[in-house]
């Protein structure tokens with residue numbers, strides 16, 4: 001990868017180029033956050049590439065072409081401008097070419113395939129961050145997405161999790177997030193700088209596994225909270241579910257990784273994300289719809305109602 005530098009007197013620093021791998025609802029919001037900052041920060045290239053899995057819209061147009069023409073992801077984040085410096089690219093290998101900061105925000109079930117396509121293509125000092133809430137469960141045991149990225153691509157991978165439902169952030173409503181890092185605090189601060197805005201506050205903690213497991217396990221608790229809502233058991237029961245759920249999240253995390261810190265569960269990635277997901281997340285809505293309709297409706301139909309689909 002060709003090195004790019006900026007020079008200020010005797011000081012020389014790498015100029016960072018960012019690519020976002022994924023372009024769904026959260027990926028599009030991430031591109032909006034990042035693009036607003038790369039224009040302001042001299043240490044970053046202005047252009048932000050976003051890999052888009054190409055789709056043909058009902059109009060017959062390609063999704064990438066519409067994004068680049070209108071500066072809007074009309075399918076996954078309708079009505080929100082991403083930033084004129086966001087460039088949608090349907091070619092994964094081309095999108096990451098020369099990038100030295102990679103933001104992974106694709107569905108977790110596709111990450112192994114994505115990593116296999118990128119293996120051996122990374123050159124130079126490349127840093128990655130995962131915004132993916134989930135894990136790979138294999139016969140040999142669970143595998144964190146950050147670990148999958150690090151092992152298959154041979155690069156360091158931080159994580160970003162928190163109480164941040166994408167639509168609210170897209171509308172620039174205040175939210176928080178937590179960056180989890182392993183050893184290099186300077187790299188973590190670079191990610192904080194890249195994502196942080198007046199309406200999106202980001203902090204960093206030295207606990208990758210703790211931050212990532214919080215983002216994964218809170219979805220299980222949210223399903224239980226949805227069942228409570230669907231069965232109309234009341235807020236007292238829901239509060240109990242959330243309290244016990246947080247304790248179980250902590251116990252499970254520390255069972256998997258002894259390095260997980262207690263304090264991580266009091267960051268945005270922990271209790272705050274648990275609260276917002278148990279009140280406004282998709283998993284809660286799906287569980288509530290299923291509980292309300294019982295055996296009269298399949299889980300698939302419950303998912304449709306939770307997502308406000310037109311066809312049940």
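For all residues, glycine too, the Cβ spot is worked out from N, Cα and C.
What TrEMBL says about a protein is an automatic prediction, not a curated fact.
On a predicted model such as this, the values are computed, not experimentally measured, just so you know.
Here is what TrEMBL says about this protein:
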DOMAIN    17-183  domain 'Glycerol-3-phosphate dehydrogenase NAD-dependent N-terminal'
BINDING   22, 23, 24, 25, 26, 27, 53, 110, 166, 282  NAD(+) binding site
BINDING   133, 282, 283  substrate binding site
DOMAIN    207-298  domain 'Glycerol-3-phosphate dehydrogenase NAD-dependent C-terminal'
ACT_SITE  218  active site, proton acceptor
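The helix, strand and coil residue counts that DSSP assigns across the domain 'Glycerol-3-phosphate dehydrogenase NAD-dependent C-terminal' (207-298) are 78 helix, 0 strand, 14 coil. Binding of NAD(+) is attributed in the record to 22, 23, 24, 25, 26, 27, 53, 110, 166, 282, and the widest Cα separation among these residues amounts to 23 Å. Neighbour density around each Cβ, counted as other Cβ atoms within 10 Å, peaks among the recorded positions 133, 218, 282 at 218. Taking only the Cα positions, the spacing between residue 166 (NAD(+) binding site) and residue 282 (substrate binding site) is 11 angstrom. Counting in whole angstrom, residue 133 (substrate binding site) lies 9 from residue 218 (active site, proton acceptor) by their C-alpha atoms. You'll find the Cα of the residue listed as 'active site, proton acceptor' roughly 22 Å from the Cα of residue 22 (NAD(+) binding site). Annotated substrate site 133, 282, 283; additional same-chain residues within 8 Å of its Cβ mean position, judged by their own Cβ, are 219, 222, 277, 281. On the 0 to 100 pLDDT scale, the model's mean across the domain 'Glycerol-3-phosphate dehydrogenase NAD-dependent C-terminal' (207-298) is 94. With the fewest other Cβ atoms inside 10 Å of its Cβ, the least crowded of the binding-site residues 22, 26, 53, 283 in this structure is 53. For the substrate site, whose binding residues are given in the record as 133, 282, 283, the maximum C-alpha distance rounds to 13 Å. Residue environment of residue 24 (NAD(+) binding site) contains 18 other Cβ atoms, counted within 10 Å of its Cβ in all protein chains.
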